[in-house]
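Notes follow once the structure below has been shown.
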Amino acid sequence: MEEAHLLSAADVLRRFSVTAEGGLSLEQVTDARERYGPNELPTEEGKSLWELVVEQFEDLLVRILLLAALVSFVLAWFEEGEETTTAFVEPLVIMLILVANAIVGVWQERNAESAIEALKEYEPEMGKVIRSDRKGVQRIRARDIVPGDIVEVAVGDKVPADLRLIEIKSTTLRVDQSILTGESVSVTKHTDAIPDPRAVNQDKKNMLFSGTNIASGKALGVAVATGLQTELGKIRSQMAAVEPERTPLQRKLDEFGRQLSHAISVICVAVWVINIGHFADPAHGGSWLRGAVYYFKIAVALAVAAIPEGLPAVITTCLALGTRRMARKNAIVRSLPSVETLGCTSVICSDKTGTLTTNQMSVCRMFVVAEAEAGTCRLHEFTISGTTYTPEGEVRQGEQPVRCGQFDGLVELATICALCNDSALDYNEAKGVYEKVGEATETALTCLVEKMNVFDTDLKGLSRVERAGACNSVIKQLMRKEFTLEFSRDRKSMSVYCTPTRADPKVQGSKMFVKGAPESVIERCSSVRVGSRTAPLSTTSREHILAKIRDWGSGSDTLRCLALATRDTPPRKEDMHLDDCSRFVQYETDLTFVGCVGMLDPPRPEVAACITRCSRAGIRVVMITGDNKGTAVAICRRLGIFGDTEDVLGKAYTGREFDDLSPEQQRQACRTARCFARVEPAHKSRIVENLQSFNEITAMTGDGVNDAPALKKAEIGIAMGSGTAVAKSAAEMVLSDDNFASIVAAVEEGRAIYNNMKQFIRYLISSNVGEVVCIFLTAILGLPEALIPVQLLWVNLVTDGLPATALGFNPPDLDIMEKPPRNPREALISGWLFFRYLAIGVYVGLATVAAATWWFLYDTEGPQVTFYQLRNFLKCSEDNPLFAGIDCKVFESRFPTTMALSVLVTIEMCNALNSVSENQSLLRMPPWLNPWLLGAVVMSMALHFLILLVPPLPLIFQVTPLSGRQWGVVLQMSLPVILLDEALKYLSRNHMDEKKDLK
């Protein structure tokens with residue numbers, strides 16, 4: 001029932017054909033249950049295991065590998081002799097890679113969808129209802145509540161369904177709905193209709209929402225929505241509908257896969273077509289079909305060479321290592337790809353309450369009257385330090401610390417704060433923090449009393465548990481609270497009736513202490529306390545006090561102000577009608593104004609510096625909150641999101657103002673705005689959508705249930721460690737210390753990780769280019785195979801994989817947070833860089849082919865054939881005069897492939913050392929800056945020697961040990977790559993960067 005807040009309580013009851021006294025009949029309950037279903041959030045039907053497995057093979061790179069494996073399997077069946085065993089190694093290795101990749105992917109997916117289930121923790125297990133089958137209130141399972149049920153709630157209860165209030169059974173009803181709306185203080189509710197069809201949840205003061213908590217009071221309501229129809233249920237539906245966005249890296253790798261598949265197709269077809277004339281060569285027994293299959297195998301080898309099989313594993317490893325480094329900085333990453341996405345974050349949309357602020361109300365200013373003579377009024381103003389519930393802070397007047405006990409007015413102010421209060425401070429020993437017990441506003445007053453210490457209580461030697469209420473307990477020993485006149489909306493105040501516990505000249509007779517909204521309390525004041533004496537409250541003094549309060553409540557502070565007053569001679573309690581709350585205002589008259597306190601949910605002290613740092617890094621910070629616009633803008637000014645005098649027109653919007661804009665205006669508003677106030681969950685998701693339409697990479701922070709859909713929709717969802725389980729499981733990242741500063745550290749780490757990823761991706765790709773050039777050259781020139789597929793797989797996965805992973809440990813650039821965010825569409829390799837890595841790759845390919853050719857032509861242990869004979873080796877037969885005296889089996893020797901493989905591995909190790917920096921010379925940034933890289937190079941070379949020397953590996957990889965002279969040739973062909981890359985780096989530094997600057 002969407003419009004329940006618009007109707008009177010009687011109209012809502014009529015709609016459901018129910019009375020508040022009798023409740024629903026059993027027939028009505030049965031009908032409603034059939035119509036609306038159970039009052040619970042349905043269990044999410046996740047994807048089946050089979051669906052998840054199939055999904056892992058939708059990636060283009062994976063499909064290319066799968067095709068290569070299937071073709072290799074088919075070809076392996078036709079192998080004969082010694083090659084039969086080794087032929088199956090290649091497809092088996094590829095399949096093992098794909099299976100491992102799928103297992104990791106399925107495991108991640110299984111964990112990712114837990115957010116929806118976490119919402120269930122906000123569903124209360126039991127509820128209290130009135131039904132016609134039994135007298136009075138009965139407890140039933142919350143899932144059995146149906147629309148139309150009369151539900152009773154009291155302090156401490158979790159609201160079991162969305163309720164329209166019909167009767168408040170206490171003087172006031174306050175509800176903590178911060179998990180749903182993000183409001184930092186509990187909200188006073190009433191039963192009146194709200195004639196505003198566009199009211200947001202924060203303005204629906206006659207509604208109680210499922211999953212929120214009753215802070216004080218007792219009430220009856222009629223259930224108007226259950227299950228998925230509740231506001232909590234709508235959030236669940238939004239979360240279920242959100243499709244996870246692919247990260248910039250995933251999109252780039254998809255694009256890379258598409259380009260690679262096209263390139264592979266062209267090259268493979270070209271190699272096969274070029275060699276059609278050789279299909280019937282004697283080496284194939286004159287069979288055209290056998291020749292076609294032979295060259296098809298070479299085309300498959302090309303495909304294997306072109307695919308960087310090790311890339312998925314190396315990227316996963318690098319991101320996993322990055323998450324460990326981030327965890328040490330209090331940023332726990334749940335989704336691996338989001339580590340890289342952090343590096344291109346351009347907008348951080350931050351929830352205010354508990355993220356930019358502490359979510360711990362704190363009194364930061366107070367005043368008492370110093371002078372109130374005819375025509376003049378002077379105030380004693382004080383500031384109080386401390387931004388949490390920790391009872392430590394300093395009271396200052398101007399710049400000077402003061403002893404509060406020296407001011408009679410402050411002693412009385414502290415007395416009112418301590419006694420006119422139903423809340424307390426508590427030290428949570430498990431968490432090691434001070435927490436509120438009761439109302440946030442009243443807890444702030446309790447904390448203020450502890451900081452003021454007006455009776456100079458000796459606090460040394462107290463445990464933290466004892467310290468939580470030491471100063472308050474001293475005041476409570478002097479006066480005893482007899483009863484409380486609860487807060488009500490009409491008088492906007494509450495009061496306590498207190499009597500002295502013992503005869504004391506300072507305390508004479510019973511008193512009433514009052515606190516409430518300044519305008520309402522001051523209106524009922526006839527005098528003002530000046531020190532220890534009482535003076536009449538003149539019009540001048542009244543205006544002066546109200547002007548100061550208005551000043552605090554607006555401008556850069558927007559403090560929540562409370563006036564504190566005393567009734568020195570209250571009526572006798574026997575003469576007071578305490579069961580009639582309409583008379584309370586009569587008892588709270590003829591008051592003496594004592595002072596005023598100003599409080600706020602204070603900004604975290606470290607946030608302002610972080611926002612400045614974000615600004616320097618080209619990242620826009622946008623505050624999104626459920627609080628009112630004035631408070632939100634004031635906090636923005638304190639944090640530096642807005643300047644002190646900056647005009648916020650077009651930069652700050654309420655949810656309603658945002659709704660009033662056309663879709664295009666909403667898009668433009670999201671492009672410029674830095675503050676959104678009074679928003680609902682749907683607004684947050686729309687803001688993220690609009691930002692994404694401008695290709696902004698959005699990080700959304702939050703801690704409440706209301707943040708979860710937007711956290712899931714944003715590229716980076718960041719939840720607070722103290723936040724709700726729903727927010728945490730919808731997010732990609734959780735801040736264990738709830739500190740906005742940790743986001744900035746995580747962004748810096750993300751940028752460093754991306755830079756390192758660029759290095760190892762380019763490193764791996766230059767290796768693949770070299771392998772493709774090698775196979776393409778041997779095919780075009782008609783030379784024997786220099787590298788076979790199983791060797792290529794070994795290099796791509798193992799030998800190159802270790803240094804590539806170690807490149808993830810490269811140190812970050814010093815100016816990494818002084819640059820704007822990189823464009824998420826920026827290509828991994830483009831322009832000059834593409835030429836650089838193509839040049840390196842071509843050299844790798846030429847050197848590899850040259851090494852194999854050298855053994856045939858020049859090695860004293862080789863056949864020393866001519867280059868012409870080598871190019872026509874397929875025509876070799878006993879009766880061919882061109883090959884007289886040459887054993888044709890020499891063209892199947894393992895030595896040339898071993899030479900080629902050794903050169904490829906050695907060059908790749910040199911390349912890895914070159915990759916410590918993209919443009920800096922090895923003389924400026926030597927390899928030992930990354931000791932992990934040196935270890936990886938040593939390990940890779942050790943593994944290479946392993947396959948050369950340890951049986952049965954030489955048989956599997958078709959290699960053989962080399963002599964010292966042969967190793968000398970390998971080094972001569974490999975080391976020049978360092979000089980080539982140094983020359984290309986020199987050109988980059990001195991010419992290419994200058995061109996960029998000119999652009």
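Each Cβ is built from the backbone N, Cα and C atoms, and glycine gets one as well.
Together with ASN768, GLU771, THR799, ASP800, the Ca(2+) 1 site in Swiss-Prot holds one more listed residue from GLU664, GLU680, GLU892, GLU908, which is GLU908. Record note: Swiss-Prot gives ASP351, THR353 as Mg(2+)-binding, and the candidate from ASP11, ASP31, ASP703 in that site is ASP703. Judged by Swiss-Prot topology annotation, VAL74 lies on the same membrane side as GLN958. Annotated range for transmembrane segment in Swiss-Prot, selecting from 410-430, 725-745, 788-808: 788-808.
Residue annotated by Swiss-Prot as phosphothreonine (from the set THR19, THR441, THR501, THR558): THR19. Of SER25, SER287, SER893, the one with phosphoserine in Swiss-Prot is SER25, while the others lack that note in the record, though it may still apply to them.
Noted from Swiss-Prot: of SER17, SER261, SER346, SER988, the annotation phosphoserine belongs to SER17. The Cβ of SER17 (phosphoserine) lies under 8 Å from the Cβ of GLN28, GLY148, each of which sits 6+ residues away along the same chain. Between the transmembrane segment (965-985) and the transmembrane segment (788-808), the number of CB pairs under 8 angstroms, six or more residues apart, is fewer than three, so the stretches are not in contact. Among the listed stretches 254-273, 758-777, 898-917, the one sharing the most Cβ pairs under 8 Å with the transmembrane segment (49-69) is 254-273. Here the topological domain 'Cytoplasmic' (809-828) has long-range neighbours at 248, 251-252, 256, 321, 343-346, 613, 616-619, 695, 697, 744, 747-748, 751-752, 754-756, 758-759, 761-762, 915-917, 929-930, 932-933, meaning same-chain residues at least 6 beyond its ends whose C-beta is under 8 angstroms from one of its own. Here the candidates are the modified residues THR19, SER25, THR415, SER662. The one whose C-alpha lies nearest to that of ASP351 (Mg(2+) binding site) is SER662. The Cβ neighbour count for SER25 (phosphoserine), using a 10 Å radius over every protein chain in view, is 14. SER662 (phosphoserine) is 30 Å away from ASP703 (Mg(2+) binding site) when you measure Cα to Cα. If you count C-beta pairs under 8 angstroms between the transmembrane segment (788-808) and each of 254-273, 758-777, 829-851, 898-917, 931-949, the highest count goes to 931-949. Shown in sequence order, SER178, GLY182, LYS352, GLY354, THR355, ASN359, THR625, THR701, GLY702, GLY704, ASP707, MET720, GLY723 are the same-chain residues outside ASP351, THR353, ASP703 whose Cβ sits within 8 Å of the Cβ centre of the Mg(2+) site.
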